[in-house]
Amino acid sequence: MELDEVIITRAIFDEYSKTFLDYTEVDVALIGGGPANLVAARYLAEAGAKVAIYEQKLSLGGGMWAGGMMFPRIVVQEEACRILDDFGIRYKEYQPGYYVANSVESVGKLISGATSAGAEVFNLVSFEDVMIRENDRVTGIVVNWGPVTVQRLHVDPLMIRTKLVIDGTGHEAVVCNTILRKIPNAKIGNLGKLGEKPMWSEVGEQLVVDATKEIYPGLIVAGMAANAATCSPRMGPVFGGMLLSGEKAAKLALEKLKEL
């Protein structure tokens, strides 16, 4: 068949524009496309929620791609292996309780699982601010193109209305810190004091699930952002806690959606 370059342009512009407009109102906006939010997005979408992931970078997956120090392998504890099974991620036992998976396969299948379930992904779209209403409750997000943010260009953003936001932005806990910076007297965990603690894998893995909660009205925190927001230790290239945190975030969000 003959190809018309203009039709190609129109197809891309038309279809993406329709999707963007359709997702100006969502049930849950997940900020950051790391493993916790990918897990949360899948389970939310499977439950019928309208969800979108906003990732500033070109690719999703957070720090999982590189495994440990660019060795593309990750470790997962036994209690999280059921989530690997759910996504069809292969793994093998290294020692009792320690399971190893290929980091690249893991990210690919997490992304596939989330999108196949119906989660929409907006990569190269950065979070800039939250929308608030009565009592300063979070009711939406403010977004811009990722390159605009990186280059610090003076371009006004656009807004997305959402019932809930999940901060899965990793060590920086970007959404949490934005609220602390811009809403007077806002209280979010221990942010503004110490932030994330140094490495302690065992404790960090335990606390990341405990720290996954609605940390501010309309905002759930998950993954490494949860540890940062609650002054909990980092854990390195062991990802069971990340996966379980995403699962818990989805359950919490579904419970909250029923209340709204």
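Every residue gets a Cβ built from N, Cα and C, even glycine.
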Task: Which of Met224, Met235 belongs with Ala36, Glu55, Gln56, Gly63, His154, Val155, Asp156 in the NAD(+) site listed by Swiss-Prot - done: Met224
Open item on the list: Give me the CA-CA distance between His171 (Fe cation binding site) and Arg234 (glycine binding site), in Å, as a whole number.
Closed with: 9
Task: Mapped DSSP class for His171 (Fe cation binding site), helix or strand or coil - done: helix
Task: DSSP three-state assignment for Gly63 (NAD(+) binding site) - done: coil
